[in-house]
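Per Swiss-Prot, signal peptide is recorded for 1-22, and the stated evidence type is sequence analysis. Here Swiss-Prot flags 77-172 as domain 'Fibronectin type-III'. If you look up Swiss-Prot, you'll see ASN127 marked as N-linked glycosylation site, on the strength of sequence analysis. Swiss-Prot lists 190-210 with the feature transmembrane segment, giving sequence analysis as the kind of evidence.
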Amino acid sequence: MPHSPCLLWLLAVTSLVPGTQPLVAGDLEGDELDETPLPAVPCDYDHCRHLQVPCQELQRAGPAACLCPGLSSALQPPHPPRLGEVRVEADMGRAEVHWCAPSSPVNQYWLLLWEGGGAPQKGPSFNSTVRRAELKGLNPGGAYVVCVVAANDAGESRAPGPGAEGLDSADGPNLGPCGRLTVPPRPLTLLHAAMGVGSALALLSCSALVWHFCLRQRWGCPRRGRPSHAGL
């Protein structure tokens, strides 16, 4: 059967071009697989990690794209942070406060401290990477309420203070920005108190003894009657 002139011409051109190989269907499939992008993974971001690099910087610095947690609008004040562990050092009169970042854009944090029913004391501001801070100058035996506040260009998060709900709840961890803080008395203070109580008891005992002897000297002691001898 005679071949078509066009087909013969195509075969001739293919054989004349050096390095030309016929296309194989498997090669096309391999090229398509190589160009398929890998699925994105979550960024190494922890809301509670101290000195945590912002997630947007992790996206730019990483070799591959990663996913950041969703955030609220930057045009709104941030959601309240979540207060974490509070470690008290009674000997030093200080406490270390830990918190977790909210799912909101944050520029800075600070702590508010209430003692009794007085006005809150505002601590220094910390940048958005900080998740841990110290409270100093706490009184031994004092009771406080501490709140974490987050702020951005649109405003600051709400800090209910001593009137917050769930401060005294024992059902589970505190999920709000505030918590109660109690500083136990120092060991030396307890020792001094014990010595004071012991001294007071000793003084009271001595006073009772002196009073007893004074009464004996004043009224005299009752004399016992001599025993009567019966018979010779």
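Including glycine, each Cβ sits where the backbone N, Cα and C put it.
The structure displayed is predicted, hence computed values, not measured ones.
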Count of other CB atoms lying within 10 Å of the CB belonging to the residue listed as 'N-linked glycosylation site': 10
DSSP-assigned states of the domain 'Fibronectin type-III' (77-172) in counts, ordered helix, strand, coil: 3 helix, 43 strand, 50 coil
Whole-number mean of pLDDT values that fall within the domain 'Fibronectin type-III' (77-172): 92
